[in-house]
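J.: Following this message is one structure expressed as structure tokens.
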Amino acid sequence: MRLLISNIKTLAGIADKGLLRLHGSEMQCLGTIDNAWLLVENGLISFFGSMNDMPSEGFAVDKEINAEGCIVMPSWCDPHTHIVYAGSREGEFVDKIMGLSYAEIARRGGGILNSADLLHATSEDELYRQAMRRAEEIMRKGTGCVEIKSGYGLNTADELKMLRVIRRIKESVPMRVVSTFLGAHAIGRQYSHDEYVDLIINEMLPEVGHEKLADYVDVFCDEGFFTPEDTDRILEAAARWGMKPKIHVDELAATGGLPVGVKHGALSVDHLENMPESEFDILKNSGTMPTVLPGTSFFLNMPYAPARKMINAGLGVAVASDYNPGSTPSGDMKFVVSLACIKMRLLPSEAINAATINAAYAMGLSGDYGSIAPGKVANFFITEPIPSVDFIPYAYTSPIVSRVFLGGKEIV
Ligand code: NIG
Ligand code: FE
């Protein structure tokens, strides 16, 4: 199957297959070709170039699309979501407007524990149905790779139920899905802190590991949740099952989780709203991608992570939606890119690289996804006719995605 897209106003997000992530000032380089063509063969990106140099012969294609006036972008990659959840929590949304903080709601037994109660009362099929609606929503908005976490089970049976739902989503969508075991999201209602950490290590991780239900492991290492010592123990136990960490740190307070993540070779450390600058050096020369979640700061009315300063210090940064019922009920990566520009002062090129190539890296997928490169999976979208790439974050509520291709096939 050969698909040719011709007369593309701008083909954006070109980066070599061998380039796994971008650091510091490199993040300003959004490889582009104006007036371009793109050839897709058997689900992979095969060739592209300027229309002026398009070979006039030898293009026996099955389908041609004239993309005049439109931009072609690599699909968004969203490396941090919690889209498997039951119901919603708009009651807490109102509580927050009335003055309660996210941490206060959690201390009163609401928050994540509310979602755990709802999930417990929801059948696996119904949970799958609700989560698939969210998966379909984000695909239509241009997301082509997504990480999905467990963490609303908080007992062994319900954590496994969530991970089985993630596996079903993986098997049924054209989007690339990776799964993360986040048993350490909050202390399950029926356990003490220490009992629960022991349960994760001695029961949950072995079951998840045996059934190969998770690619990665996560811990909410923060004030009022799990300590750096808990995190160290959980990550060490997960390593025995081959699960690399991607952890929540420095959201509510800087409690020392980041160095623990880096020590265990974390693929990413996420949130970072309260990250001290002294942690920048720990990330330098590490394989760990700081991943910031501007939608969470927007929704919780909290400080934004210091992404601008990290990039100025030479670090690479990724962005993610954090789509979840409590702190970010949205998986709109275009809006996340706009917030990264407006609130974190990233340039459009930096924010787009943070949401594509660097975000793919934060899921361990940037060898095959996250940029336009020969040999990579053909995950991309064609925009509506728009004036420029910068228009994408600028027009911060205008829908710009016109046609979505995943694995070279158009989704409808
Ligand atoms: O990433 N911070 C911890 N976990 C989620 C929120 C989960 C929830 O409130 O349901 C987050 O923001
Ligand atoms: Fe999260």
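Each residue, glycine too, has its Cβ placed from N, Cα and C.
Because TrEMBL annotations are produced automatically, they should be read as predictions rather than curated entries.
Positions annotated as Fe(3+) binding site by TrEMBL: HIS80, HIS82, HIS248, ASP322. According to TrEMBL, the Zn(2+) binding site annotation covers HIS80, HIS82, HIS248, ASP322. If you look up TrEMBL, you'll see ARG89, TYR152, HIS185, GLU251, SER327 marked as 4-imidazolone-5-propanoate binding site. The N-formimidoyl-L-glutamate binding site annotation in TrEMBL covers TYR152, ASN324, GLY326. Feature annotation from TrEMBL assigns domain 'Amidohydrolase-related' to 71-409.
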J.: Where the distance is taken from Cα to Cα, which of the binding-site residues HIS80, HIS82, HIS185, HIS248, GLU251 turns out closest to ASN324 (N-formimidoyl-L-glutamate binding site)?
T.: HIS82
J.: What is the total of other Cβ atoms whose distance to the Cβ of TYR152 (4-imidazolone-5-propanoate binding site) is within 10 Å?
T.: 30
J.: Around the Fe(3+) site recorded as HIS80, HIS82, HIS248, ASP322, what other same-chain residues have a C-beta within 8 angstroms of the site's C-beta center?
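T.: Near the Fe(3+) site, beyond HIS80, HIS82, HIS248, ASP322, sit THR81, LYS149, ASP218, ASP270, HIS271, LEU293, THR296, ALA320, TYR323, ASN324, THR328.
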J.: Using a Cβ-Cβ cut-off under 8 angstroms and a sequence gap of six or more, which residues of the chain neighbour GLY326 (N-formimidoyl-L-glutamate binding site)?
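T.: In sequence order, ARG89, GLU92, TYR102, GLY111, ILE112, ASN114, SER115 meet the Cβ cut-off.
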J.: Looking at Cβ-Cβ distances, which residues of the chain lie under 8 angstroms from HIS80 (Fe(3+) binding site) while being 6 or more apart from it?
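T.: Once residues fewer than 6 apart are set aside, HIS80 (Fe(3+) binding site) is near GLU147, LYS149, LYS246, SER268, ASP270, THR291, LEU293, ALA320, SER321, ASP322, ALA362.
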J.: Among the binding-site residues ASN324, SER327, whose Cβ has the fewest other Cβ atoms within 10 Å?
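T.: SER327, out of the binding-site residues ASN324, SER327, has the fewest neighbouring Cβ atoms within 10 Å.
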J.: I'd like to know the mean pLDDT over the domain 'Amidohydrolase-related' (71-409).
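T.: That region's mean pLDDT is 97.
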J.: For HIS248 (Fe(3+) binding site), which residues of its chain lie six or more apart in sequence with Cβ-Cβ distance below 8 Å?
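T.: Non-local contacts for HIS248 (Fe(3+) binding site): ASP218, VAL219, PHE220, CYS221, ASP222, GLY257, ASP270, HIS271.
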J.: Including all protein chains displayed, how many Cβ atoms other than that of HIS82 (Fe(3+) binding site) lie within 10 Å of its Cβ?
T.: 29
J.: Could you give the maximum C-alpha to C-alpha distance in Å for the residues ARG89, TYR152, HIS185, GLU251, SER327 that bind 4-imidazolone-5-propanoate per the record?
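T.: The widest Cα-Cα gap among those binding residues is 20 Å.
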J.: Using C-alpha atoms, which one of the binding-site residues TYR152, HIS185, GLU251 comes nearest to HIS82 (Fe(3+) binding site)?
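T.: With Cα distances computed to HIS82 (Fe(3+) binding site), the winner among TYR152, HIS185, GLU251 is TYR152.
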J.: Max CA to CA distance in Å over the N-formimidoyl-L-glutamate-binding set TYR152, ASN324, GLY326?
T.: 11
J.: Just to be sure I understand the packing, how many Cβ atoms besides its own are within 10 Å of the Cβ of ARG89 (4-imidazolone-5-propanoate binding site)?
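T.: The answer is 21 other Cβ atoms.
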